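Lifted from TrEMBL, the feature list:
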- LYS202: active site, schiff-base intermediate with substrate (ACT_SITE)
- ARG212, ARG224: 5-aminolevulinate 1 binding site (BINDING)
- GLU240: Mg(2+) binding site (BINDING)
- LYS255: active site, schiff-base intermediate with substrate (ACT_SITE)
- SER282, TYR321: 5-aminolevulinate 2 binding site (BINDING)
Amino acid sequence: MANFPIVRPRRLRQNKLMRDIIAETEITEKDLILPIFIKENLSEPEKINSMPGVLRYPINDNLLKFIEESYGNGIRYIILFGIPSYKDDIASSAFAKDGVIQKSVKMIKDTFGEKLIIITDECTDEYASHGHCGIVKERRGTYVVDNDESLKLHAKIALSQAEAGSDIIAPSSMMDGVVGAIRKELDENGFQDTAIMAYSAKYASTFYSPFREAAYSKPGFGDRKSYQMDPRNGYEAIKEVRLDIEEGADIVMVKPAHTYLDIIRLVKSAFPEYPLAAYHVSGEYSMIKAAAINGWIDERVAVMEITTAIKRAGADLIITYYANEIVKWIREGVPF
Ligand code: PBG
């Protein structure tokens with residue numbers, strides 16, 4: 001035996017209080033953003049087959065009651081996804097004054113005022129008959145999503161959301177220049193104080209599948225690989241995030257979260273001065289849920305471990321379908 005004292009990290013792991021005092025990462029309710037699906041022409045909340053435990057809400061008291069309960073649990077940030085009653089080529093229900101999101105934002109603002117921050121997902125896929133994140137054009141016999149034509153449409157949708165009262169616009173289309181186009185439109189129309197949370201590094205991921213069932217937003221043809229990022233690329237995320245920051249993003253995002261912890265760390269290290277959101281997406285949610293329903297994992301411990309990992313990797317904000325459960329579980333005491 002060497003003649004020196006054994007270094008003993010275990011001293012600080014003796015019991016829960018000792019572990020708590022040196023814990024580097026702590027999830028609080030202020031880290032969490034709750035996604036809510038809102039569907040037009042619905043009267044009662046509706047189950048989503050691919051996402052057990054998540055519901056689609058109608059634009060009525062059922063929605064307000066759910067938000068009130070979530071507020072009671074400690075939730076202060078919500079992100080809204082709309083499911084319109086009609087779709088067309090140019091996603092006109094996404095910018096209609098009485099569109100599903102516009103009506104919902106007004107109703108929630110009228111009820112909750114400044115008590116909640118409302119974030120609105122800004123995209124066309126749920127509102128367009130073709131299910132893509134922009135304007136589709138025919139070019140040399142194939143259909144493509146036209147970048148620059150799409151910018152005008154995204155700016156228009158963003159403005160209509162701001163007019164309805166959204167606090168933060170979250171462009172999720174991955175069109176080049178979309179953040180700049182939205183910033184300009186908002187500024188020119190007196191919405192200098194409306195913030196932008198950009199889905200900056202959004203990967204073309206299979207883990208969005210349950211969401212596409214939830215929001216009926218599966219592309220009608222092709223896929224999203226010409227605009228969303230290639231899962232094989234890491235450093236490219238830095239380029240995407242840098243461009244969004246230059247164009248005026250206030251908060252940037254990595255999506256998915258659990259499958260892309262390395263990207264969260266990379267982006268946080270490159271831009272530590274910018275708030276970073278991470279989206280624990282539908283497929284990541286449903287995988288945990290499925291294992292839990294089968295009794296293969298302890299749902300509470302798994303969710304707390306994964307959410308903590310996302311924060312430990314560098315996320316400041318976490319969008320998660322588990323937000324309500326997490327705030328309850330925090331109150332019961334972390335399972336570490
Ligand atoms: C686009 C959008 C999507 C998600 C959030 N915003 C779907 C997509 O890009 O196909 C996915 C979120 C999730 O899977 O939880 N409006």
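Yeah, the Cβs are placed from backbone N, Cα and C, and that goes for glycine too.
Automatic prediction, not curation, is the source of TrEMBL annotations.
Classification of TYR321 (5-aminolevulinate 2 binding site) by DSSP places it in coil, neither helical nor stranded. Closest by Cα distance to LYS255 (active site, schiff-base intermediate with substrate), from the recorded positions LYS202, ARG212, ARG224, GLU240, SER282, is LYS202. Checking the recorded positions LYS202, LYS255, SER282, TYR321 against ligand 1, the ones with a C-beta less than 6 Å from an atom of that molecule are SER282. The distance from the Cα of LYS202 (active site, schiff-base intermediate with substrate) to the Cα of TYR321 (5-aminolevulinate 2 binding site) comes to 18 Å. Rounded to a whole value, the Cα-Cα separation of GLU240 (Mg(2+) binding site) and ARG224 (5-aminolevulinate 1 binding site) is 16 Å.
Between the listed recorded positions, namely LYS202, ARG212, ARG224, LYS255, the fewest other CB atoms within 10 angstroms of a CB are found at ARG212. Spacing of SER282 (5-aminolevulinate 2 binding site) relative to ARG212 (5-aminolevulinate 1 binding site) is 9 Å (Cα to Cα, whole number). When the Cα atoms are compared, TYR321 (5-aminolevulinate 2 binding site) and ARG224 (5-aminolevulinate 1 binding site) turn out to be 23 Å apart. Minimal Cβ crowding within 10 Å, among the binding-site residues GLU240, SER282, TYR321, is found at GLU240. In three-state terms derived from DSSP, GLU240 (Mg(2+) binding site) belongs to a helical segment.
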